[in-house]
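Novice: The structure that follows is given in the form of structure tokens.
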Amino acid sequence: MADAPTSARHFATASTATPNTTKPPEKAFGILPQTLTLHSTTLVNDDTALLTFSLPQGSSGSPQVSGLPLTSTLLSLTWPSGSWTPIVRPYTPVSSSSTPGEIQFLIKKYPGGKVSSHMHSLKPGDTVRFVAVPGAKHVPSTNEMKPARVSMIAGGAGITPMLQLIRGILGNPDDYTRIRLLWGVNTPSDAYLMDEFAALKLRFPGRFDVRYVVSKADEVQSQTEKGRIDGALLAKLRWAPKCSEEKVYVCGPPGMEESLVGKQGVLIEMGYRKGQVVKF
């Protein structure tokens, strides 16, 4: 993504710069719960859907933005059929925090999952109450000559906080952070973001790299490993930290998280310090 010309970005003075009198858009989320209305649901594969909720109008009449910092989570409060009290579940928005008027979630429907089934059953016009929870802070890497690197390990639906972070980093022209992603899925059809990630890799050469780990695959395609994410695979892919500042983000099924970041976690054995490992 090209930067603005240097003269425009750094050398405008009080005598030549035009004052910006446009008010920033109002943010939808603060400390209070927010009730949002479902706008649409789009299936992306057999069990995962993209849910788009409308954000309210601001006091000026313009659409609000979510205004959420990267890695933020929203807690949903829902009353699935048969529930007397609300059930709370965390969901990570995947849309940009600066998108006016809407916020999107990728939600997987689990067998027997009350809340995920409820979310998939919602119709346009139905409402859900959300509460914002700040996440781990991402510090942009502003040194183009010496960019920081982050590693991401996702399992299944654990891709959602990674997607939010990937889009946020690569969408920021002042952030030069390099990203490598390892995404474990059951079948090739579960890697429903493959086209987007391929486009990002072409658009940001040297800054974004992705490999897939498929546990049930008849044949292995390029950039794909067969099996599961474990210590042997990480060693094969040379995923040891390159420097002491490198962060590694992990999100996935409990078994995967425990093996990677538990007391005897693989990542610590590979040389990552506790302060470098962030579990969503």
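Just so it is clear, glycine is given a Cβ too, placed from its N, Cα and C backbone atoms.
Quick caveat, the model's predicted, so the values are computed rather than measured.
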Novice: Please pick, from THR41, THR42, THR52, THR160, the residue that TrEMBL records in the FAD site together with ARG89, PRO90, TYR91, LEU106, LYS108, LYS114, VAL115, SER116.
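Specialist: Record check against TrEMBL: FAD site with ARG89, PRO90, TYR91, LEU106, LYS108, LYS114, VAL115, SER116, extra candidate from THR41, THR42, THR52, THR160 is THR160.
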Novice: What is the number of residues in the domain 'FAD-binding FR-type' (31-141) that are helix, strand and coil, as DSSP sees it?
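Specialist: Final tally across the stretch: 8 helix, 46 strand, 57 coil.
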